[in-house]
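Input: a single structure, listed below in structure tokens.
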Amino acid sequence: MHDTLSFITPDPHSAWGTYLSQVDRVLPYLGPLARWGETLKRPKRALIVDVPIEMDDGTVRHFEGYRVQHNLSRGPGKGGVRYHPAVTLEEVMALSAWMTVKNAAVNLPYGGAKGGIRVDPRQLSHKELERMTRRYTSEIGLVIGPQQDIPAPDVGTNPQVMAWMMDTYSMNVGGTATGVVTGKPVHLGGSLGRVKATGRGVFVTGREAARRIHLNLDGARVAVQGFGNVGSAAAEMFVGAGAKIVAVQDHTGTIANPAGMDMGALMEVVRRDGGAGAFTQAERIDDEAFWDTDCDILIPAALEGQITLARANRLKARLVLEGANGPTHPDADDALAERGILVVPDVICNAGGVTVSYFEWVQDFSSFFWTEDEINLRLDKIMVDALRRIWDTADRHKITLRTATFAVACERILMARQERGLYP
Ligand SMILES: NC(=O)C1=CN([C@@H]2O[C@H](COP(=O)(O)OP(=O)(O)OC[C@H]3O[C@@H](n4cnc5c(N)ncnc54)[C@H](O)[C@@H]3O)[C@@H](O)[C@H]2O)C=CC1
Ligand SMILES: O=C(O)CCC(=O)C(=O)O
């Protein structure tokens, strides 16, 4: 059946392999809609672009960039742009597919898309980063637009990168098109609350899940992998609810303090050094020891494939909140379920970011901006309602929250596909 995409032979632990296995698990719950299931296993459109730029020293370097639109059945493509040295077409395909599922899980009127460039942004000067972003935006200008596909931040990108993307697209079309990207700075049509929205969604879904398993957040011990936009904002909110951060891992190292870390002091070090590794009010530990941390809640908020089977069998947490996209291998997912460790899956747990991106897009179109309180209230309600529906589905079929999220989302996606029909 997989006669196309023959250039990809996914290993079951790769991002795309993980996604395919998640689709296979939901098909039995989709009834007659399952006949459209193959749609979910192929991206609609994948663009590979060459991004040449002049470096500050006068040399020319070429970077490889991608924009994949996995599915547009329910609306324009929506999903972030990643700058990271490990970005590949296959990874971006998986990330775009998870966007399709996530957007449908919270019922946003979007399909799924994702982009990326294989680059270490920390190795570029500010000007080189700007030149690369502008060139990439022009190259993917073929497929993006406020009604076609709307990029946003992901790993290694931020509001400044979104501002350059918005400006480049706008210059190319000859007018200011704020709605072409979200996650912009607030004075350029960005939304209040977007920066912390993903972390907020992780907290809100985590709070609801904790309540259901009678885990008191006051005094709960939390371990966080990845202390960037998502991990740090989620950690701050858990601390605000009385929890303590007992371990943090990022690309600069792993630190632990069973008594809990002072968030203000930790954030200061992260801002100063670009990472948590040098924080002196915690003990520096071996990276692999992170997975043995005595904790109640684990928040993977870095990259895919972090929770392997071996690590899943060592985890001490009762609750795993997937801030990252695709952090858990399928066999590890099974092991966690068998061990009674509850996983709130990425496709609902980290949907807070794209939900506020949707608010931003709506605000840009109407040129009317909401207060931060209005945004947070609407976000919390969408997340809580979506999670409740997913939980009901999980209880009804006796399936994991991940398969239940896929069931709710894929039914919406395939229903749209079916109702639109195929153009003969
Ligand atoms: N930014 C957003 O709104 C959303 C992000 N996500 C996902 O959340 C995850 C994190 O994204 P952001 O916080 O935006 O990125 P970021 O670039 O702000 O932070 C990434 C963090 O991961 C850490 N990291 C990188 N490589 C690592 C490694 N090998 N081991 C341990 N830590 C490592 C970095 O040090 C940094 O702390 C990604 O999986 C992303 O796709 C999901 C939904 C929305
Ligand atoms: O805000 C958005 O549009 C997308 C964020 C994103 O890339 C994600 O949810 O993984």
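Cβ coordinates are placed from backbone N, Cα and C, and glycine is handled just like the others.
Note that the structure is a prediction, hence the values are computed from the model and not measured.
Residues or ranges marked as substrate binding site in TrEMBL: Lys78, Lys102, Ser357. Residues or ranges marked as active site, proton donor in TrEMBL: Lys114. The site 'Important for catalysis' annotation in TrEMBL covers Asp154. TrEMBL lists Thr198, Asn229 with the feature NAD(+) binding site.
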Length of the line joining the Cα atoms of Asp154 (site 'Important for catalysis') and Asn229 (NAD(+) binding site), in Å:
9
Cα-nearest neighbour of Ser357 (substrate binding site) within the listed recorded positions, Lys114, Thr198, Asn229:
Thr198
Length of the line joining the Cα atoms of Lys102 (substrate binding site) and the residue listed as 'active site, proton donor', in Å:
12
Cα distance, Lys78 (substrate binding site) to Thr198 (NAD(+) binding site), nearest Å?
15
Using a 10 Å radius around its CB, how many other CB atoms surround Lys114 (active site, proton donor)?
32
Contacting recorded positions for ligand 1, chosen from Lys78, Lys102, Asp154, Thr198, Ser357 when the Cβ sits under 6 angstroms of any of its atoms:
Asp154, Thr198
Fill in the CA-CA distance, Lys78 (substrate binding site) to Asn229 (NAD(+) binding site), as an integer in Å.
19
In sequence order, which residues at least six apart in the same chain have a CB under 8 Å from the CB of Asn229 (NAD(+) binding site)?
Pro153, Asn158, Val195, Thr198, Gly199
Centre the Cβ atoms of Lys78, Lys102, Ser357, go out 8 Å, and tell me which other residues of that chain have a Cβ in range of the substrate site.
Gly79, Gly80, Met99, Asn103, Leu108, Tyr110, Gly112, Ala152, Ala351, Gly353, Val354, Thr355, Tyr358
Under a threshold of 6 Å between Cβ and any atom of ligand 2, which of the binding-site residues Thr198, Asn229, Ser357 are retained?
Ser357
